[in-house]
Amino acid sequence: MKTLGEFIVEKQHEFSQATGELTALLSAIKLGAKIIHRDINKAGLVDILGASCAENVQGEVQQKLDLFANEKLKAALKARDIVAGIASEEEDEIVVFEGCEHAKYVVLMDPLDGSSNIDVNVSVGTIFSIYRRVTPVGTPVTEEDFLQPGNKQVAAGYVVYGSSTMLIYTTGCGVHAFTYDPSLGVFCLCQERMRFPEKGKTYSINEGNYIKFPNGVKKYIKFCQEEDSSTSRPYTSRYIGSLVADFHRNLLKGGIYLYPSTASHPQGKLRLLYECNPMAFLAEQAGGKASDGKERILDIIPESLHQRRSFFVGNRHMVDDVERFIREYPDA
């Protein structure tokens, strides 16, 4: 049995110029995930379920667990002295870590994706993304360090808190999965070099918003529902409402996750930096594809910290089909 710590160190030795800083950073995220796992499992007993009295920069009411997870991850990262600053879905601005100007990495994160589901015991997750800063080491980080395209990511991953807690990550050399053993307090390797199945048969989208979708997406949904034995259609519809949980299922079983623009969210709803980029990096490393319907997600130049985007991610052939329908059936 190989632990996450052992696996990370083993991979570090494959790079002659590795300094160990990224290893320490991933270990800090691992610690934060353990703390969140522990408290999610007793959330109903310690009054951290439900909404708080605060709103985030998008005007959304923050869940108590959102704020809790944000603070725990922030503390775990700051304590290691190897991160210059963070950007979080739960923070209005970047958070600069004083005394860490020498650090060369920054972290972007969604501390608890799908947190509105926690009250009903549905899987939730943590998403993280790591970049090398672009401003000089030795100076405080600025917003410029965080507004980098996804193709500049050094590492990305997510933790899914479900029937078991799993951590999945990539450093650009494949996607690897680890399952948390609470009796030992360690994440153990359960799958190395994960890949999307060759064919996907599941589509994940909130069809309750169908009337608000672009024409191309409506046509694609109908395509998924049509019978065609040559393409194994109709596809199965599965939607949890937690990006991490939906993506994880599709990664294992094959499928596509769709969150298009709507009349109320013309730019899309998911955050480019905290959700789309890390999941796109993972998808491509697992042989999949991620797009906003027209453009590769990882090539998009971000303009603001909380920028939103349409998001289609999963099996390559399924994302290709969505892009084709969007091209062929543009909105009037």
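In case you wondered, yes, glycine gets a Cβ from its N, Cα and C as well.
Quantities reported herein were computed from a predicted structural model and do not represent experimental measurements.
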Need one residue: from GLU226, GLU227, GLU275, GLU284, the one Swiss-Prot lists with ASP110, ASP113 for Mg(2+) 2. GLU275
Among LYS218, LYS219, LYS269, the candidate listed by Swiss-Prot alongside ASP113, GLY114, SER115, SER116, ASN206, TYR239, TYR257, LEU258, TYR259 for substrate is LYS269
In Swiss-Prot, ASP110, LEU112 are given as binding Mg(2+) 1, so which of GLU89, GLU90, GLU143 is in that site too? GLU89
At the level of the C-alpha atoms, what whole-angstrom distance separates GLU89 (Mg(2+) 1 binding site) and SER115 (substrate binding site)? 12
Nearest by CA distance to LEU112 (Mg(2+) 1 binding site): which of the binding-site residues is it, out of ASN206, TYR257, TYR259, GLU275? GLU275
List the residues of the same chain that sit at least 6 positions away from ASP110 (Mg(2+) 1 binding site) in sequence and have their Cβ under 8 Å from its Cβ, in sequence order, or write 'none'. SER88, GLU89, THR126, ILE127, PHE128, ARG271, TYR274, GLU275
May I ask you to report the DSSP-based helix, strand or coil state of ASN206 (substrate binding site)? coil
Would you work out the biggest C-alpha to C-alpha distance among ASP113, GLY114, SER115, SER116, ASN206, TYR239, TYR257, LEU258, TYR259, LYS269, the residues that bind substrate according to the record, and give it in angstrom as a whole number? 19
